[in-house]
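Among the features that TrEMBL reports, domain 'CMP/dCMP-type deaminase' is placed at 28-166. Annotation comment: TrEMBL describes HIS98, CYS124, CYS127 as Zn(2+) binding site. Annotation source TrEMBL lists active site, proton donor at GLU100.
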Amino acid sequence: IIYNSNNTVLPSSLSLSCSNRKREDILESAQYFMGVALLAARRSRDPSTQVGACIVNEEKKIVGVGYNGMPNGCGDDSLPWRRSGDNPVETKYFYVCHAELNAIMNKNSADLKGCTIYVTLFPCNECSKLLIQAGIKNVIYLSDKYHKLDNVIASKKMLDLAGIPYENSFVRMKAVG
Ligand SMILES: O=c1ccn([C@H]2C[C@H](O)[C@@H](COP(=O)(O)O)O2)c(=O)[nH]1
Ligand SMILES: [Zn+2]
């Protein structure tokens, strides 16, 4: 049975021609997984940078999704979202849980060995430590806007030493076509 967008059943002749038509614009899997990461990022309350992460296992099944947000139970607006202040305790950086951390904590499988993470921002040094220790084997990222910051330089150093490749998703999609 085929339904149209109003949830009414289509006549059989129409449904036949619809179901026979080959769809040309299906999402390639890397686009799909980064799309899930981008959608997760839209849940973030961070006013300046919203990050989403989607962890995928070797069978290409999503096993964890997360976005940057304040720790559970801390309230949506009880902690500051400011980037700067006289005292670092008044900024977000001591509190916010990174998207990668949340994706790992949200995992629905026993472990993450051999998984790939799709993440909208290049992982910081703390997240790369988590990814390495969790057994993640690949990082696909979208933005590298903080590539000049020491934490990202350190992050890449650790990923390199651990033999974990990282790839920009635009480059990857071009290669896949
Ligand atoms: O690996 C990372 C690095 C950063 N984030 C989050 C943490 C913050 O909420 C923002 C960065 O804020 P800026 O205002 O751009 O400094 O991104 C993350 O989730 N994962
Ligand atoms: Zn991080």
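Residue numbering: from 1, along the chain as shown.
Heads up, the Cβ atoms here are built off N, Cα and C, so glycines get one too.
From a predicted model like this one, the values you see are computed outputs, not experimental measurements.
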Return the count of C-beta atoms lying within 10 angstroms of the C-beta of the residue listed as 'active site, proton donor', excluding that atom itself. 29
Distance between GLU100 (active site, proton donor) and CYS127 (Zn(2+) binding site) at the Cα atoms, whole Å? 6
May I have the DSSP-based helix, strand and coil counts for the residues of the domain 'CMP/dCMP-type deaminase' (28-166)? 48 helix, 26 strand, 65 coil
Candidates CYS124, CYS127: member of the binding-site residues with the richest Cβ shell (10 Å): CYS127
Using Cβ atoms only, which residues of the same chain lie under 8 Å from HIS98 (Zn(2+) binding site) while being at least 6 residues apart in sequence? VAL51, ASN68, PRO123, CYS124, GLU126, CYS127
Average the pLDDT scores across the domain 'CMP/dCMP-type deaminase' (28-166) and report the rounded value. 98
Chain-mates of HIS98, CYS124, CYS127 with C-beta within 8 Å of site centroid, Zn(2+): ALA99, GLU100, LEU101, PRO123, ASN125, GLU126, SER128, LEU130, SER155
